[in-house]
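Features as listed in TrEMBL:
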- 24-59: domain 'EF-hand' (DOMAIN)
- 60-95: domain 'EF-hand' (DOMAIN)
- 227-262: domain 'EF-hand' (DOMAIN)
- 263-298: domain 'EF-hand' (DOMAIN)
- 331-366: domain 'EF-hand' (DOMAIN)
- 367-402: domain 'EF-hand' (DOMAIN)
Amino acid sequence: MDWRNKLELIQNKIRGQLHARKIDDLEGVYQLMAEFDKDNSGYLDKDEFQKFLSKIGVFLTTQELRAVYDKYDQNKDSNIAYAEFVNLIRENMSDKRINVVRSTFQFLDQQRQGRLQLESLYRLYQARNHPRVRTRQKTADQVTKEFVNAISKRSKDGQSINEEEFLNYYADCNATLPSEKEEYFTDLLTSTWGVTSGADYVSPERLAQLEIILFEKIRQKTVTKDDEGKTAKKAFMYFDLENKGTIDIYQFAQALQKFGCVFSEKEIQALFNKYDSDKSGRLCYDEICGLIALIGSGNNANVNPVFQIARAPPQETLNRIRNDLIKKGQHSVIRMATIFTNSDKNKNGTLNRQEFQWAMKESGFLLTKTEYDNLFRYFDKNCDDEVSFVEFIAFLRKPLSQFRSDLVNQLWNRLSNGESQISFQQIKQFYDASKSHDVNTNIKTVVDANKDFQDLWKDVKFVTHQNFIEYMTDISALIENDQAFEKFVKQAWK
């Protein structure tokens, strides 16, 4: 059996056993791992890890244990950090689960503000309807306490939570649910938030059906050798009386009627809300037509979509990726670039669709199939089904501004003392991890930040000026303002 598939099966069994032990969030996972951490180091060695697995009912052969241990020992230090283990079992959240979470957030966000107040969520959460409470495995008070404790930690401002933070909370729940528990996951959300009781609720499955029906109706009205996107645009333009390139909900409903789509009022509203990405109350129909054209191009290889969606970067997805990188720490762009490089099996600087998706998941990003497709499509500049990952990383990295470039060059001149290269040992002497950006922003402890820095450079003997510029550029990309970057340069480097 392919070891990657074998590992996925073992990983899924781990989730299943955690769920069987009534562990519903990551706090429970951390507490259970801590029972086997004899020296309270935050790490488990191979023997401790095996005992942990045995405790939850996962028994492995020596070969299986070695493979699984190597998988979780991300930095190859012969120890498994709690965070390394947790990050990996949080992976592989299905598209269905992601869609259910996003749909639930939209159901709760009735004012379309993009944020939900924590106090409001605490009141709305129906712990009595949680599957654990209904089956008397836990009390409503236990579930409420676990929910409040876990979701509050996902809030950046301590008062509210956005859709991405809401998704991250449920990614934590997903970490203790095996793949076969899809219906349980859906029930978990719909029952605790009372989603099914909402008169205006449209399920993700029904929403997907509506899109298929819409496309099919448009396809039927499309002339041979034409593309569906153009057909859709003609209809939307007909109702765009002011020629603004946008339509409101009423004009959208008229266009659907023209296509022959007999949807209910709440279904039309749900479809409109999905396409109204900026919650402005108006749709840019160029984008919708682009999506329709791209669906159609799968049926007709000669059609090349010409709409804005095919040209514009998927900014919302890219912003989410960048925000996740910021949360992972100042070296996350570098680590992501390493994963992408290792995924390039042909060593030609490009990744095919499967390699790209694997690299994104390996980097810890939870995206839907549509988000993967839009991201891949934008960076597939030559339409040859290959992405230059160098261009992709460069897009996230951003060049140094003149101000930051001057700071970095001044720092290099001080460190190198005029030499063309310096050893890592010299670099190490000048760096103070306790004043790094990660520590200043409470992303990592001093111990973890120092270890992170040393692991990054451990295989490098000498550092050139160009190496150093690239390193600082990667860090700069995740520091929002010049003041914070200047603070990092002046305080973290002695």
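Yeah, the Cβs are placed from backbone N, Cα and C, and that goes for glycine too.
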Other than its close neighbours in sequence, what residues sit by the domain 'EF-hand' (331-366), given a CB gap under 8 Å and a spacing of at least six beyond its ends?
87, 90-93, 98, 167, 171, 321, 324-325, 372, 375-376, 385-390, 392-393, 396-397, 452-453, 456, 471, 474-475, 477-478
What DSSP reports for the domain 'EF-hand' (227-262) is 23 helix, 2 strand, 11 coil
Number of helical, extended and coil residues in the domain 'EF-hand' (263-298), per DSSP
24 helix, 2 strand, 10 coil
Is it possible to list how many residues within the domain 'EF-hand' (60-95) are helical, extended or coil according to DSSP?
20 helix, 2 strand, 14 coil
